[in-house]
Amino acid sequence: MALPNQQTVDYPSFKLVIVGDGGTGKTTFVKRHLTGEFEKKYEPTIGVEVHPLDFFTNCGKIRFYCWDTAGQEKFGGLRDGYYIHGQCAIIMFDVTARLTYKNVPTWHRDLCRVCENIPIVLCGNKVDVKNRQVKAKQVTFHRKKNLQYYEISAKSNYNFEKPFLYLARKLAGDANLHFVESPALAPPEVQIDLAAQQLHEQELLQAAAHALPDDDDEAFE
């Protein structure tokens, strides 16, 4: 699908919209992919930057046209033009800022109002930061809405490929699809405590085994 400012390529390409509160790290995340950063285009009518992110799979190359809001969400909601023709999405929140997680349902609602039945990944960013405010076990929204959830650290490249691989598998209808080489990523700006992160991953697994709370906000009181 050729969208504004997107060159047509002869391999599968998809419009990926990335939403979430301002300051959650959406732009930092997209900019890690160096060729996408180099080839980005600005779409002035909607006020977004479109980054073409290529990935190499066992079934050939695929491209995600990542639409980045350029900070517009700080001034209110996004226009429908941002969402229209979206084929997949990432909702991002900051694990060091509780409000950004509390606002996830609003972003999800806005997204689903325009884009029905598209694959969506929820990402908790900044897991490299020590003073985490949203604990792994408190993240339950994805279970209620049947979304995939990943903990990421954009600045350290931790789990960078996972959201894209999940979306690629869903869009291709192939659970065995895999990446055969890594994209060129910017060097890590921070190092992540892998032992601490493995502990969070364990908490996620344990949380998944428990019944869902009635109210998402209970854990924050």
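Glycine too: its Cβ is placed from the backbone N, Cα and C atoms.
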Among ranges 4-12, 40-48, 130-138, whichever one Swiss-Prot labels region 'Switch-I': 40-48
Segment assigned the feature region 'Switch-II' in Swiss-Prot (from 20-36, 71-87): 71-87
Residue, out of the binding-site residues Gly23, Gly25, whose Cβ gathers the largest set of other Cβ atoms within 10 Å: Gly25
Per-state residue totals over the region 'Switch-I' (40-48) - DSSP helix, strand, coil: 0 helix, 4 strand, 5 coil
Asp21 (GTP binding site), number of other Cβ atoms within 10 Å: 21
